[in-house]
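Noted in TrEMBL for the protein shown:
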{"type": "TRANSMEM", "residues": "B:69-91", "note": "transmembrane segment"}
{"type": "TRANSMEM", "residues": "B:103-120", "note": "transmembrane segment"}
{"type": "TRANSMEM", "residues": "B:132-155", "note": "transmembrane segment"}
{"type": "TRANSMEM", "residues": "B:162-180", "note": "transmembrane segment"}
{"type": "TRANSMEM", "residues": "B:212-232", "note": "transmembrane segment"}
{"type": "TRANSMEM", "residues": "B:261-279", "note": "transmembrane segment"}
{"type": "TRANSMEM", "residues": "B:299-323", "note": "transmembrane segment"}
{"type": "TRANSMEM", "residues": "B:335-358", "note": "transmembrane segment"}
Amino acid sequence: MKNTLLAFLLLLAAALPARAQDAFVAALPGLAGNFNAQAEAVERLGALADPRAIPVLRALTDGRLLKRPDNTLVIREGTTTTDVLTGAATDAAGTEALRINNRVRVALRGALGRLQLVSPDPAERLAAAEAVFRTRSADNVPLLDAALARETVPRIRDRMAIALAASRLMASDPAAKLLGVEALGASASPEARAVLLEARAANPDILPQIEAAVAAIDRRLAVRRAAETFFQGLSLGSVLLLAALGLAVTFGVMGVINMAHGEFVMLGAYTTFIVQEACRGIPWLLPWSLPLSVPAAFLVAALCGAAMERGLIRHLYGRPLETLLMTFGVGMMIQQSVRLVFGAQNREVLSPPWMQGTLLLPFDIPVTQNRLWILAFSLVVLGLTVAAIRFTRFGLEMRAVTQKRAIASSMGIRTGRVDALTFAFGSGIAGIAGVALSQIDNVSPNLGTGYIIDSFLVVVFGGVGSLAGTLVGAFGLGLVNKILEPWAGAVLAKVFVLIAAMIFIQRRPRGLFAQKGRAAEA
Amino acid sequence: MSATVSPLPASRARLGLRTGLLVALLLLAAMPVLNQLPTTHPLHVSDFLVSVTGKWICYAILALSLDLAWGYAGILSLGHGAFFALGGYAMGMHLMRLIGPRGVYGHPVLPDFMVFLGYRELPWYWLGFDHFAFAMLMVVLVPGVLALVLGWLAFRSRITGVYLSIITQAMTYALMLAFFRNDMGFGGNNGFTDFKELLGQPLNTSAARSGLFYASLIALAGAFLLCSRITASKYGRVLTAIRDGENRVRFLGYNTTHHKLFAFVLSAMLAGVAGALYVPQVGIINPGEFSPANSIEAVIWVAVGGRGTLVGAILGAFTVNGLKTWLTSAAPDLWLFVLGGLFVLVTLFLPKGLIGLLKGRGA
Amino acid sequence: MNHRMPITRRAALATFGVALAAPAIRPSFAQGAPIKVGVLHSLSGTMAISETALRDTVLMMVEAQNAKGGILGRRLEAVVVDPASNWPLFAEKARELLAVSRVDVTFGCWTSVSRKSVLPVFEELNGLLFYPVQYEGEEESRNIFYTGAAPNQQAIPAVEYLMSADGGSAKRIALLGTDYVYPRTTNRILRAFLISKGIPESDIMEEYTPFGHSDWQGIVSRVKRFAGEGKKTAIVSTINGDANVPFYRELGNQGIKAEDIPSVAFSVGEEELAGIDTRPLVGHLAAWNYFMSVDSPANTAFKTMWQAYIKNPRRVTNDPMEATLVGFQMWAQAVAQAGTTNVDAVRTAMYGQKVDAPCGYTLEMHRNHHLSKPVMIGEVQADGQFNIVWKTPGPIVAENWSPFIPENANRRRG
């Protein structure tokens, strides 16, 4: 792979006339100049088709291009530095990293795109096609034509075709323009739509064709947008589900109102941070820190929960409202402890690479990776919770104790132990929720407070004691919120959802999935 | 748990409490007078103490109203802060209207925040608030009507206990979010500040502070008498019976919905009055008052003092807020531990609150 | 890991006063009661996240000033209280500081509402408050010195930059903010400014979210759609502290690159970035009057002093901290010049007071109680710092009464 690349570059270099090579050398000092000079030099390098420019431009993008006091350039690669012109290893002393701004970055993207369209690496070609699409210059038409003819990967071909169409739109030839409009109109890409809209002003002669193409894209996008909103609703629902699931156990099954629930979620998020910091020392473990945090957060929160149940809540069974007040006090103390130990500032929890960026589902529906993972994760946690309650001995005992404590006790079940385990279990789930929330929210001492009211509402809305109700309640409220948001605004949408939930609970006090029989009587 | 109290010492204890309350009331009433003494005088009470006590009195009225709903009718409202805040907003709107052309922009009618947010005219719901009587009517009416609607819906559906608590909490949360919106016309996050005068008196004088202090004290005494009367009446006994066994009372033929509704609405109105007296004394009203944590804190005052005793609610409000004022200066990093710990200890070991402790002593 | 070790020491300092620390420092103080410095920053509740660093900055400055022998030969003593992000409590604590603790000066507040809450108290009791955060303007109290930026010292230059060739020649602007007065007013001023620059109403998008908003999916994809209308688009963010982490995460995950839709923020500094992985955000912008990356001798001294005080070589500095420091230094100079801590004398001495600030310029306090400040635009770097890509040639005088708010013409003077 590396050899073919080298051979290819050498071939390209040998084919260049000597004058172009001088142009490469001549363009370099501009890179050490001000932002204007930099952008100009980058554009010149991009137009040269000189392969030596690629590592230089990449280094500039990544902040690895350094200048010596005499404005000659050096590339840093790990711990070694090499001279740009000679390629010889040099001393880094006295050098200063070159800084760029957004204008230079745009130029760099275009230049690298041009240079890498024929790269042997498919990922680079894809990025190049994207970059050339955004640059949109008629000069790129022959380049793209040639690249497209050689391209075999369908995904890259598609991107190149769009890029070609967009570049054609910039050409002066009306026939080429129409060809471009037609190709863009056949896509379902919002970017293509943007290009078409932008071209309206410059091309009054083909306005009807452009409008038709935009309308065609709009029809395809309408479906996509609905799907996007649906996903956003599901995603919000999954966050609500995670936050509420622990409560569904402690409140729904045991009837304990735990106002410190949000603090357990927060403890889970801080555990994620601690595990990540612990993993920093062991580089191969770092990408795994997030999965490792899940059991760790469960344990930490479960232990805190068990301690709280045994030490405090146990004494208040049958007095749910007193429990509410006491746990509020405990929550205050947990929050302030975390603030004193970790500081009031946010803590940085990194996202592993597989949770970053956007994934395109079929029909080009964009979903953000982290939210997709959290959605899947919430369903897994729900599944495991249901399984634990349905199929394990602990679950059986738990159900027995909540249904008829005295009989369960007389059957030999140690009800005190079951209470502690159940509460620990619910708290542990809250801790797991904290791991997920660390990926989308602040890891700060206030993390939990933002979720507590929503969680209670979800549990009550769904029907206390019913996990299915919690599931439907969470996704229902999430979806309604996201459907309302575009026309009501984020604040009012939330207010409407709250009012709707309140009215609903008043109509059906037992929630969506009412528990039948005596057990449901509060 | 606390000692069981036999009837005779209990009544003596109650007598002791009454006397204690009267003494406390007189001491409080003397504060603004002592404030007039020269600062070097040993009995001098500082401006700060007077102003902060005025604030505590308002909290005590709120606690009292909550005790009526929770302690006697068994309605644990986690949204009483909303009634308090609504009363406060009604008073705040009156105070804003009284600023008149003295605002920064000199607009004859519009409050400053409306001017720089580009309002052209006063929203319809601001009309009438320039009249003191109208504003005072709204102070009780707005919380009352909200409580009526919410209570009627909830009690009719027989929503009780925890469910009711969560609904009231959702209510105050929804109101908080709504009031934070600048488009609501209530000044958004900044709320109302920069009040100038009330009933023709400039607010930043010690005379005005004394006046508000006495108004609050009278309101507290009045609210206390009203609540004692109600709870001691036949109606009050039915209310307590509903608290202890709603179904049984209903089967005896009482309309429990109406009984509870009356208590809840009255309680909300009292909370509104507390809020209205509070706002001119602290000089600001803002949606933060709707925050669910504030309402929970108010419930905790009652629990700390002792629920279902009225005196306990007042005692609790003074104790917790006094501690808060003292500790946020004396131990700024640690006060949350002290208060949090207090809540835990009281719920665990003093189910009857501080009053229970005092009565235990009395026996 | 535990960056907060000094807490016990600071708690001790706060609780026992400097009495314990004084023998260790051992400067010779002349006779006289200590000068009391009130610190009115939230240490708990939602604002603790931003304000605790400012409390530490004031304590650091007090310690440093005492090491230099105090002011007028008198020792400084910090009085720390916790207003707990609760606005009425701010007013109560302000009254306590002024009436009970009898402080000579107070450094405090972050949010506008907290300042509005304490303002009548400071005016009634004739106290002195230094307010260190950028805000919406429209205020000028004789008892407050505003050391943060007014809108013309931050927002307008930033938008001008976005519209320039270097900033990407933006033609369409999305104004995103948290729903409170600072974003509302700033955006009102910006809207008037944009329209004066020939941008039509239809090319301005304005959207507000509640405090601590954590679900930005919908808004970010609406911005994307807004940007897909064929004109170069930029985001102007007045999103408040807490909501920024989820916002930037969403921006990164939805693939909004600074090259395509640059965003400029007015409330995001080094402290906020410390909680985010900034690699996907490289190139997004912030406008401030100070960045930690400023290369000036005063800034080097500031950073060294701060990191030594907080005992953490990685702790960052930010704009409100610099504003606190500048305010403190000016106040110390003014007291020394006036020869007394009397508020009226110090106020008079404050006018025209100059300090060589860490931002690399000499800043001056004007009669409008606002500082002249340079404006800087920084691009987010992968290491969480800002690369300064543009700055004004010198400090700009504050226009706390914006000319873009027409009602200011009718304002009552004095």
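Every residue, even glycine, has its Cβ placed from backbone N, Cα and C.
Keep in mind that TrEMBL annotations are predicted by a computer and have not been checked by a curator.
Sequence-distant neighbours of the transmembrane segment (B:103-120) (same chain, 6+ residues past either end, Cβ-Cβ under 8 Å): 96-97, 182, 185, 187-188, 190, 192, 194.
Counting Cβ pairs under 8 Å that are 6 or more residues apart, the transmembrane segment (B:299-323) and the transmembrane segment (B:162-180) reach fewer than 3 and are not in contact. In this chain, the transmembrane segment (B:69-91) lies apart from the transmembrane segment (B:335-358): fewer than three C-beta pairs between them fall below 8 angstroms, excluding pairs fewer than 6 positions apart. Non-local neighbours of the transmembrane segment (B:212-232) in the same chain are 21, 25, 28-29, 31-32, 50, 53-54, 57-58, 60-61, 64-65, 67-68, 72, 198, 239-240, 263, 266, 270, 273-274, 277, 280-281, 310, 314; each lies 6+ residues outside the stretch with a CB under 8 Å from one of its CB atoms. A Cβ distance under 8 Å defines the sequence-distant neighbours of the transmembrane segment (B:132-155), meaning residues of its chain 6+ beyond its ends; these are 75, 82-84, 86-87, 89-91, 93-94, 164, 167-168, 171, 199, 256-257, 260-261, 264-265, 267-269, 271-273, 275-276.
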